[in-house]
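Visitor: Can you read through this structure? Questions will come right after.
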Amino acid sequence: MNQKDENYKMMYKYHTLSEEQKYLLTELLSPKDQFSSFPLIQILNGQTKKKLFGLETAISQLDQNCRVLFFQNALPKMAQYSLELLNLSPQKQLLISEGIIQFTRKEIYQFLSLAFFGLLEKQHESFTSPCTLIYILQGEPEKTKCYLHYFIMANQELENEIITIERIGFNVNYHIHQFFPNSQANQILDIELWCNCDKSLQTFDFVDSFIEEQYNSIIVDFANKYIGGGVLYKGCVQEEILFTIMPENIIAVLFCNALGKKEVIIIKNTIRYCDYLGYGYSFHFLQREPQNLNQIILVLDAENYGYYPPQQFQQKSILRDLNKAFIGFSLSQSAKEEDFFFPISTGKWGCGAFKGNCQLKIIIQLIAFSTAWKTKDQQRRMIFSTFNDEQLQFYKRAVDLIIQKYKSVGKLFQQLLKINNQQNVFEFLLNQQ
């Protein structure tokens, strides 16, 4: 049996409750006020001395009605669901190779309740750390409010609905034979394959909005290779915000290890529970009614070029980013035909802390999107969000001119390989004879 087969069968390992932890959870089954509840929550999280400042602050800033709902309804339910899950310990497969796993909304609520109480175990060294909400409860009041709102507002009538997580890797029969019909002899997504691709370049829309505001869409998560990035710590940029306002996505953090170079993850049917303002340190929670926006979350990890930004202009880096985006945009063999009609909502992928070059990433996504059409008649759509960016119209004009100039994927890719980090990407491409 090879390593991949062994990984495929790894099962989730549950925390074993001590007698004290059982007692504390049992105590929380009956409604209590916040002054009686806080010490129990602190001890469960292993914090006998250090206060949970983030939780205390968040609770104090909730309106009176939400505080009552949390302590009288949500907290006893969380304790009950935690005990239920640990008593049953249902067999759940870790998604560390290609495949699909499914959860009911109730199961995810159970896992996130355990995360709140600090009762989850890190599964393997290849998984992200931490795997509980302890750091958020200690020091992140605004993120804590998002989770409290989720625990309060999750609808029991929807508990049997299914959330699906699919891990997708490169498959020659799908990614080459389906999308490169004139290159059947190729076995890998290499430079030669891309240079010879004669597919037409496709236009996409530039909009001044947030990526996650597009309903009935594929939402690109600008991911860390460790899914969720710093969502369970202090991180609060695009990926972390997306998972914080849609907490059901956290289940992928708990069940998926680091992504490989040609792997992506797709999460279906998660609900938006709150709104927000700000970004990073200015992030703060805004209340809203939970809503299923019919979005597919595409976990697409960007390469970190923060230590040496010129590296992204090397051929191997361009190829890596292009292959990653293409595998993501082409979805999976199991995707329904209507999934391909969902517009892809993307933006400046990897252009924040990872120091990606925005113009380079636009061109890479243009090439990947143009190739990820099964047929010419498929009529796919991409929406590129540039919220509050004064260069929106400049991007649109430049991309339209580049499409007119190069026309095919292969011709544009060949020219892109000639660029260096000292050159303006759009200017270089438009000035070539």
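Positions of Cβ are set from backbone N, Cα and C atoms, glycine also.
What TrEMBL says about a protein is an automatic prediction, not a curated fact.
Quick paste of what TrEMBL says about this protein:
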- 63-167: domain 'PARG helical' (DOMAIN)
- 192-393: domain 'PARG catalytic Macro' (DOMAIN)
- Asp221: active site (ACT_SITE)
- Asn224, Gln238, Tyr279: substrate binding site (BINDING)
- Glu239: active site (ACT_SITE)
- Glu240: active site (ACT_SITE)
Visitor: Average the per-residue pLDDT over the domain 'PARG catalytic Macro' (192-393) and send me the rounded value.
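Guide: Mean per-residue confidence for the domain 'PARG catalytic Macro' (192-393): 95 out of 100.
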Visitor: Whole-number Å distance between the CA of Tyr279 (substrate binding site) and the CA of Glu240 (active site)?
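Guide: Approximately 10 Å lies between the Cα of Tyr279 (substrate binding site) and that of Glu240 (active site).
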Visitor: What counts of helix, strand and coil residues does DSSP assign across the domain 'PARG helical' (63-167)?
Guide: 59 helix, 13 strand, 33 coil
Visitor: Neighbour count first, Cβ atoms within 10 Å, every protein chain included; then name which of Asp221, Glu239, Glu240 tops the list of active-site residues.
Guide: Asp221
Visitor: Please report the Cα separation of Asp221 (active site) and Glu239 (active site) in Å, rounded to an integer.
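Guide: If we compare the Cα positions of Asp221 (active site) and Glu239 (active site), the gap is 6 Å.
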Visitor: Same chain only, sequence gap of 6 or more: which residues have a CB within under 8 Å of the CB of Gln238 (substrate binding site)?
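Guide: Sequence-distant Cβ neighbours: Ile211, Asp221, Phe222, Gly347, Gly352.
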Visitor: Just to verify a number: CA distance, Glu239 (active site) to Asn224 (substrate binding site), in angstrom, no decimals.
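Guide: Glu239 (active site) and Asn224 (substrate binding site) have their Cα atoms 8 Å apart.
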Visitor: By a simple count, how many Cβ atoms lie within 10 Å of the Cβ of Asn224 (substrate binding site), its own Cβ left out?
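Guide: Cβ-Cβ neighbours of Asn224 (substrate binding site) within 10 Å number 23.
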Visitor: If you measure Asn224 (substrate binding site) to Glu240 (active site) at Cα, how many Å is it?
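Guide: The separation of the Cα atoms works out to 10 Å.
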Visitor: Just how spread out is the substrate site if you go by the largest Cα to Cα distance in Å among Asn224, Gln238, Tyr279?
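Guide: Greatest Cα-Cα span of the listed binding residues: 17 Å.
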